[in-house]
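Chemist: This is the structure I want to talk about, given as structure tokens.
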There are 6 protein chains.
Amino acid sequence: MFFSTPRLQYPVRVDRPNPVFARALQQAIGGVEGEIRVMLQYLFQSWGARGPMKYRDMLLNTGTEEIGHVEMLSTAVALNLEGAPLSFQEEMSADPMAGAVLNGMNLRHILSTGLAATPENCNGVPFNASHVYASGNLAADMYANVAAEATGRALAVRLYGMTDDPGMKDMLSFLIARDTMHQQQWLAVIEELGGTAALPIPNSFPQAQEKGEFAYAFFVHSADGIAPEGRWTTGTSLDGKGQFEAMISKPLGEVPQLAPARPDGGAQAEQTTMQPPAGVPGGTIS
Amino acid sequence: MFFSTPRLQYPVRVDRPNPVFARALQQAIGGVEGEIRVMLQYLFQSWGARGPMKYRDMLLNTGTEEIGHVEMLSTAVALNLEGAPLSFQEEMSADPMAGAVLNGMNLRHILSTGLAATPENCNGVPFNASHVYASGNLAADMYANVAAEATGRALAVRLYGMTDDPGMKDMLSFLIARDTMHQQQWLAVIEELGGTAALPIPNSFPQAQEKGEFAYAFFVHSADGIAPEGRWTTGTSLDGKGQFEAMISKPLGEVPQLAPARPDGGAQAEQTTMQPPAGVPGGTIS
Amino acid sequence: MFFSTPRLQYPVRVDRPNPVFARALQQAIGGVEGEIRVMLQYLFQSWGARGPMKYRDMLLNTGTEEIGHVEMLSTAVALNLEGAPLSFQEEMSADPMAGAVLNGMNLRHILSTGLAATPENCNGVPFNASHVYASGNLAADMYANVAAEATGRALAVRLYGMTDDPGMKDMLSFLIARDTMHQQQWLAVIEELGGTAALPIPNSFPQAQEKGEFAYAFFVHSADGIAPEGRWTTGTSLDGKGQFEAMISKPLGEVPQLAPARPDGGAQAEQTTMQPPAGVPGGTIS
Amino acid sequence: MFFSTPRLQYPVRVDRPNPVFARALQQAIGGVEGEIRVMLQYLFQSWGARGPMKYRDMLLNTGTEEIGHVEMLSTAVALNLEGAPLSFQEEMSADPMAGAVLNGMNLRHILSTGLAATPENCNGVPFNASHVYASGNLAADMYANVAAEATGRALAVRLYGMTDDPGMKDMLSFLIARDTMHQQQWLAVIEELGGTAALPIPNSFPQAQEKGEFAYAFFVHSADGIAPEGRWTTGTSLDGKGQFEAMISKPLGEVPQLAPARPDGGAQAEQTTMQPPAGVPGGTIS
Amino acid sequence: MFFSTPRLQYPVRVDRPNPVFARALQQAIGGVEGEIRVMLQYLFQSWGARGPMKYRDMLLNTGTEEIGHVEMLSTAVALNLEGAPLSFQEEMSADPMAGAVLNGMNLRHILSTGLAATPENCNGVPFNASHVYASGNLAADMYANVAAEATGRALAVRLYGMTDDPGMKDMLSFLIARDTMHQQQWLAVIEELGGTAALPIPNSFPQAQEKGEFAYAFFVHSADGIAPEGRWTTGTSLDGKGQFEAMISKPLGEVPQLAPARPDGGAQAEQTTMQPPAGVPGGTIS
Amino acid sequence: MFFSTPRLQYPVRVDRPNPVFARALQQAIGGVEGEIRVMLQYLFQSWGARGPMKYRDMLLNTGTEEIGHVEMLSTAVALNLEGAPLSFQEEMSADPMAGAVLNGMNLRHILSTGLAATPENCNGVPFNASHVYASGNLAADMYANVAAEATGRALAVRLYGMTDDPGMKDMLSFLIARDTMHQQQWLAVIEELGGTAALPIPNSFPQAQEKGEFAYAFFVHSADGIAPEGRWTTGTSLDGKGQFEAMISKPLGEVPQLAPARPDGGAQAEQTTMQPPAGVPGGTIS
């Protein structure tokens, strides 16, 4: 259950409103790297948590924090829209470089919301909840959370660089700090779960049942058969259970043979009989 | 540029076709944890790679491998659909428990493809390319890739458990092994980039510009002010740059004051004048 | 800014878990009539509110309440999934009517979440934030909110009828009561704004500028020219500003004449010259 | 069954084509407040109507009218695109402020349609039929229709303000008038159904089965416990069946306890055993 | 402008209602092969038509016909839902094989519409208007229309096979006939435009400007260099302008070299310097 | 199974980077007329092919080629973004017409990818795999492929006209040539299948079962009853099996009569009884 206060988690101040920056900020609200995503992701991970309750509690705390981040950013969008032009004629009278601002705006900020934020990204694409990753596997979810906070911090850093408004820079420096903490926080859970020793994820599947010979081999798919070398082709694997190697990938399977189409299935008549594959018998790949 | 052979990377065999399992397999094709996603993700990361070329090469290799995984799974779907009923009357004649198989099928496997796979998930929701994470930040992308392979391996393990078809189990044990390697592979890049020392992501933003006091603090949003304790509230942070602490979160900002609505902006007349906030003066949170 | 407690707003109890009912409940989480929608709708309306502050506060209160409704329903889904079969073989051993439960389940409840809720509707379609209506016009938003609570209550009533689980019926009777209140609440705002006297929405546009002769006329588009009669064809209009009438609709405009396609614009050559319309000169509609 | 004439319902004239206004107009075609939505909404409500036939007929009439509105707006988009630049070089030769028009255009108007409308909103997001509300409950649908026409009229008014083209203003003043009528029309049905006496929606569920004590109570979720006062906290409810009151919202439920994860379900090993919740025993909210 | 009559274009009769067939029929309403798609496609092609007016008129006629097809199918869905169970308990009392019908239904037919059609496909995925192809090129559009009617007729044929209800078979035999005509109709336009002589589409681009040596060559991407032979590798091309040949595809371009990442762009530090590509110098493909 | 080389299929060179053209190019990557679509379409058609194997092989070849087209275009986008401004201040210092470039850019090219392509169209709408047509009917698929290559070539021609960059024009002239070939290629398959003699699609349904009288009749839906004349109203049909004619379309069906709403189904009380239709008895259409 949730409570709220009309005060913001951190001050949001815009010194020089910029309606085009309002469009950019939308990426941090409704983009795949944005705050609606992490808000719902942490809450759904919490609500579906099975196992130790402390993770449920922690996720609930941070999910609750993130609601307030959406609130801060929505406020920042609205404040960047103060004074935005509502028409072509208004804009042209103020500025002979007609259309510059309206061109760069999300027109829905005028037409659909009357100068307020939308739950969309910077291109006006609505947030889609399929981006809420809550797999029921704690370690997998923690990596998904690190990825969300890493792309989210990259986004916040880019927004910080895009503007020179002091108020916006101040707000973003707060959000960037929180992203730092949240990266740490999810990695801390991974450390508690054993770090790389907890790999591979999920760790509840007996590895004897996987095709072990392919579990630590880098498959080379370059047509010239040359592997890009790195840590992933040499040394002990990160879970300590195997040795990395480079392996030229070859087809281990045959050409699939589907049954002919059924005569009553809506296909063309030609598809209802089978013919031998063309050009396949000599299909040796070396 | 790309080449192909009609042979499969690994044999795909179905001993007892099961049209409902065909529906389940679709999650591994077009689901957010599935193979179209990683195929496009690794390819787009490769095509947009800036910096050391070896990562571009590696991503291209593995992206190329993944195309073949989509191929294997699509073949597995088609083979599981061999012999599926095309009508109610057909099914009922074979089985008095009428409709059981048609109930559980993705009807598009009959109606739209004539017994073949679709680029959709197990609910028939088409794959959406917004799930392709390619941030331009190598470390962020590697964590996104670990998350994809971790949720992907959890999915493959669950599919493995769902079936007792020996052919399907064999194919899945291969894919599970590849997910193991791919988890390792992306973590190996992170190790090359310095591991936790490379945090926070991105590491090219001067941390002096973030609000340092909030960068290693776990914010408590429980209404009762009790923190869920764990590695994230105590000890040195994972990047070695701070000390974890629990901090009761309080509103640091004020109630936002947006300007009244513009009379010519389509709002109600009541919105064009401002009133003091109700119930806020005493808005003390303690 | 937001706070939470791990306790639920109202008890959620499932006496006889039913994984198919878990699928049905998803409509109340991620469906267009569901709780994620109203949660985000009220919050975005609050965050973008211009004009009297008390509406911002009220919306924030109820938006905060709705987060807890998503929590309750997500918990209800998880509890309905306790004991669900994870495989065909498991189900068949328990019940010779093989596949009945797996057929009716959202397979992502097994494959993607490990027996927990998703932010999707009952067909597995992810929630899409384009359904968040926050127009910047208070009266328009209130009608959108009434519509959301009316379709939401119809949904809750249908779920109530679908189950005979006492725990689920108890939870739903609470949610139904809240929907009653929320219908009342948004209509109370409309009453404060003047009720029908506030029409048409928006009331800040001078009605003299609209084509008044068409503002209270029911247009008859039946090919036989017979109007379906009702309150909308007779009497004073609901805002007291006009008289309803039925008017046979006729084309008042001409056939549109677009310029020929530009030769360098990718069209067929035939499209780059113009011909008189065929069969139009005599295009009299009577 | 439907018929058509190539003539338009009302004249569409563009005096000074403006390709950026063409982008804005798209919101009225494919936006959530637009005409494709109401066209399909009224038609699907008609086609699924159960009960008095006159509502089916009325919905069919107005749904048929709306098809012609999409036609008018699509024509308006095409006419606003007459003379639009097709290339950077063309634009720059005409105007040294290079790029202004192409920047502000929906590039699909050039690339995908050859200067014609698309079924998209002003951001190029395709119309999605999930916005078609047809609940099977007449009163709920009428409120949804009022909401659609209210946000639609707000949009039309904003488009009217955005342009100073006399032809466009004339067309919009017609559409604004029709939105006025359609708001009236749906409210007239509600009046026929009994007005507020028909509440709550649906009125076919026995209210004795809802938790009556919560049906007219405004829940206060402010952390400071102060209610935003208004008509919704005092007086008789709008359906005349209760008394409004403000009620401090407290958690009535307990912390949910999900079963541990199943060992064969793809979760981490840590999730397969249960631990008592941290920080909950003292979880008193006051 | 449009008109309607409440009578249907062709009788719709359901002898034995089948709620699972109602789900299947949805594919013909809101599926990509369905009628909402062609309705909007023909109407948008008409409304944006440039060039000879008779095509605009023809498209308007057939687009208008298709609205009535959506109406027929929506009616068929509603009639197939007559008598459908609304609850688990109701179904079980009628039939001990509990849940069979509810398992196979689109639950939104109960929960969201009260036994009526939705603008969705058979998986409950809402129709998305991005499937409306109206390219501004008449020949391209005609091929898109043939494709729509061909996949649409395949769908109708499969639905015909799926049911043995005489009423449904009768309705489908009408729709199948119309699909026959519509295939013919669009091909007739292509014949008028010159048939294969009008190729390639668009025919308004000077072919001298394309890389002619690649315009009639089948590229072989098989890793074994063996071409699948057919009409496409031999003989005169269908537009009579070239000779088909098989050509082994080789990379004609080099490895792309993107600039290093900008230090202020949010990438990792490692990405801000450039390294020579690994394993590429010897990248000869033969 | 697939292989790759880091070299491109054809050289990609950008002489004068243009970030707005980068946005336009995205339509060829992730638009409905773009390369991700055909890549997946041909691959899924190949993987699900039933009947003669040579079509499976051919589709696999061309699908493999298309992956390299996505690669070329993604590279072209990245090269057009070299030197793009990352901030308002940077742009303004270089050019007093502030904001022109940022206005016209896809801001995700800065914020989400660090100057690289996305799998989106020119409006930033992510590619959606529902556009992958693979019907299981070879002839239907070939027409879908022709349509894809025809709209794709129209798009490429428009991009060619939009730019005057020699490198981009060179790359596009290659892609345009390939689109020419691919149009030819799919039509060549249709020729092999019998050309128009293979109509109607699917040809495996006995035409005696369709309502023959409607199979070659153009239905006139103009309210004035005048048919747009053309090849489709006169002469032998293209499959040689019928005679075209124009037929005034009349309603052959009656007004549908759905049962009243069930009292326990969430509808309004008024809907639970039936009334005779209003205005219908005289519903004669002539």
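Heads up, the Cβ atoms here are built off N, Cα and C, so glycines get one too.
Unlike curated entries, TrEMBL annotations are predicted automatically.
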Chemist: Among F:His109, F:His182, which residue shares the Mn(2+) 1 site with F:Glu35, F:His69, F:Glu149 according to TrEMBL?
Modeler: F:His182
Chemist: For the feature region 'Disordered' as recorded in TrEMBL, pick the matching range from F:221-253, F:254-286.
Modeler: F:254-286
Chemist: Given the binding-site residues F:Glu35, F:Glu66, F:His69, F:Glu149, F:His182, which one's Cα is the least distant from that of F:Ser222 (Ca(2+) binding site)?
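Modeler: Among F:Glu35, F:Glu66, F:His69, F:Glu149, F:His182, F:Glu149.
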Chemist: Quick one: what's DSSP say for F:Glu35 (Mn(2+) 1 binding site), helix, strand or coil?
Modeler: helix
Chemist: Can you name every residue in this chain, apart from F:Glu35, F:His69, F:Glu149, F:His182, with its Cβ inside 8 Å of the center of the Cβ atoms of the recorded Mn(2+) 1 site?
Modeler: F:Val38, F:Glu65, F:Glu66, F:Ala148, F:Gly152, F:Leu175, F:Arg178, F:Asp179
Chemist: Under 8 Å, Cβ to Cβ, against chain C: pull out the ones among the binding-site residues F:Glu35, F:His69, F:His182, F:Ser222 that qualify, in sequence order.
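Modeler: Contact set vs C: F:Ser222.
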Chemist: Do the binding-site residues F:Asp57, F:Glu66, F:Glu149, F:His182, F:Ser222 include any whose Cβ comes within less than 8 Å of a Cβ in chain A, and which?
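Modeler: Correct list, in sequence order: F:Asp57.
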Chemist: Check each of the binding-site residues F:Asp57, F:Glu66, F:His69, F:His182, F:Ser222 and report back the ones whose Cβ is under 8 Å from some Cβ of chain B.
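Modeler: Cβ contacts with chain B under 8 Å: F:Asp57.
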Chemist: In sequence order, which residues at least six apart in the same chain have a CB under 8 Å from the CB of F:Glu35 (Mn(2+) 1 binding site)?
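Modeler: Same-chain residues close to F:Glu35 (Mn(2+) 1 binding site) (Cβ under 8 Å, separated by 6 or more) are F:Ala28, F:Ile29, F:Glu66, F:His69, F:Val70, F:Leu73, F:Gly152.
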Chemist: Looking at Cβ-Cβ distances, which residues of the chain lie under 8 angstroms from F:His182 (Mn(2+) 1 binding site) while being 6 or more apart from it?
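Modeler: Within the chain, F:His182 (Mn(2+) 1 binding site) has Cβ neighbours under 8 Å at F:Val38, F:Thr62, F:Asn145, F:Glu149.
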Chemist: Applying an 8 Å Cβ threshold (strictly under) against chain D, tell me which of the binding-site residues F:Glu66, F:His69, F:Glu149 fall inside, in sequence order.
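Modeler: Contact set vs D: none.
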Chemist: Near F:Ser222 (Ca(2+) binding site), how many other Cβ atoms are within 10 Å of its Cβ?
Modeler: 22
Chemist: Including all protein chains shown, what's the count of other C-beta atoms within 10 A of the C-beta of F:His69 (Mn(2+) 1 binding site)?
Modeler: 26
Chemist: From the binding-site residues F:Asp57, F:His69, F:Ser222, keep only those with a C-beta under 8 angstroms from any C-beta in chain E, and list them in sequence order.
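Modeler: From F:Asp57, F:His69, F:Ser222, the ones near chain E are F:Asp57, F:Ser222.
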